[in-house]
Amino acid sequence: MSIGAEIDSLVPAPPGLNGTAAGYPAKTQKELSNGDFDAHDGLSLAQLTPYDVLTAALPLPAPASSTGFWWRETGPVMSKLLAKANYPLYTHYKYLMLYHTHILPLLGPRPPLENSTHPSPSNAPWRSFLTDDFTPLEPSWNVNGNSEAQSTIRLGIEPIGFEAGAAADPFNQAAVTQFMHSYEATEVGATLTLFEHFRNDMFVGPETYAALRAKIPEGEHTTQSFLAFDLDAGRVTTKAYFFPILMSLKTGQSTTKVVSDSILHLALKSEVWGVQTIAAMSVMEAWIGSYGGAAKTEMISVDCVNEADSRIKIYVRMPHTSLRKVKEAYCLGGRLTDENTKEGLKLLDELWRTVFGIDDEDAELPQNSHRTAGTIFNFELRPGKWFPEPKVYLPVRHYCESDMQIASRLQTFFGRLGWHNMEKDYCKHLEDLFPHHPLSSSTGTHTFLSFSYKKQKGVYMTMYYNLRVYST
């Protein structure tokens, strides 16, 4: 049975004009002996969240011991995010069911609790690079618009196999491949062309496993791939992410060279990615080269859709955190001079100063040696475009005092954009989403804030969250 058919059995029709779902009375009331109705005795559907309904109505996917753990740990937050982003009830159920049915099994085995009642990073079955405590799920909330913000919920995951880290699958490559070739992938509209191209160029074979394990630097991750799902109003968009680090260790080439060669290989064989793609990549390579090795290509992503509609994004991490250096990077050292980039730089200046509370644009943020410290950029390549389009990820996890400080400062920036609902409610939303996180005393719930700008869409921002399954 498809997700659509299942959802119709639970929610017979989309919400009506009065805001209630057709077939769902606001209250089921008990008739009293005098003919009146007791409004307090019956079951109020308004008191049940979609998470509650699906928990009661749907069997857990196999293996239930693991998917049950992930549903309890993550399902409530996913449901709340869909509600706060104002998804219609029917769409809320549709996407929460998709998460329940198709995504939960990808999160892998539940952690062994041993003598503890709460998981910790030390007993994570696989050390996912997706979040700093190895939680393999990172939901995010995108807001964009020239006036009031429009919202989209997204989720990033690292699919984890039950043999991840073992001799048969030491780098956790099997689960993502199996999913992308499954019926479940067709349910989320994923196509394979670009996925297979980059998988073939980035994944490593069994003949190299032993040698690569010996080469991995201390403290380095071995994640090979992520998936992400944009829960748009009309459809799901699937994205695949690949890490070039193992292929870099295998070949002795830089991660930038590994990615560049793969894109060149694609452009030479594709009717879609041609000379413009090669030119855009060369602009990026020239900028990366100007840093003398300090800027490193971290990963690459593609939209798993028709090639003509897809994008290739190259993610680069640099150690610099001064506003001046960040703005220089955003425009690729002056190589991007279009109006979108110029206006984006003005807004980025205001956002950075607001979130980090800095005045001096030459001042670096406090020194931090964590593997995920520094500033990340992605540069987007599109078919037919001669230049990449920039996006920056503000590393708030490492450089702010607390998550509530981040939220409060974001509210200030939202107000300047005219996003008054987010200005008024974002702090309250955060507390409701993560009631058990120490939001006022630590960071770790927000991971990054991304920012880009286009005149047609306005400011385009995403707040990324760590559910902190393995940390308190």
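From the backbone N, Cα and C atoms, a Cβ is placed for every residue, glycine too.
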Query raised in the report: The dimethylallyl diphosphate site in Swiss-Prot includes Lys239, Tyr241, Lys313, Tyr315, Tyr393, Tyr460, Tyr464. Which of Arg127, Arg154, Arg353 is also listed there?
Result: Arg154
Query raised in the report: When a 10 Å sphere is centred on the Cβ of Tyr315 (dimethylallyl diphosphate binding site), how many other Cβ atoms does it contain?
Result: 19
Query - Cα within 10 Å of Gly156 (site 'Required for regioselectivity') - qualifying binding-site residues among Glu138, Lys313, Tyr315, Tyr393, Tyr460 - result: Glu138
Report task. Do me a favour and check the Cα-Cα span between Glu138 (L-tryptophan binding site) and Tyr464 (dimethylallyl diphosphate binding site); whole Å is fine. Result -> 7
Report task. Within 10 Å of the Cβ of Tyr464 (dimethylallyl diphosphate binding site), how many other Cβ atoms can you find? Include all protein chains, please. Result -> 22
Query - Greatest C-beta neighbour count within 10 angstroms, which of the binding-site residues Tyr241, Tyr393, Tyr460 - result: Tyr241
Query raised in the report: Once the chains shown are all counted, how many other Cβ atoms turn up within 10 Å of the Cβ of Glu138 (L-tryptophan binding site)?
Result: 21
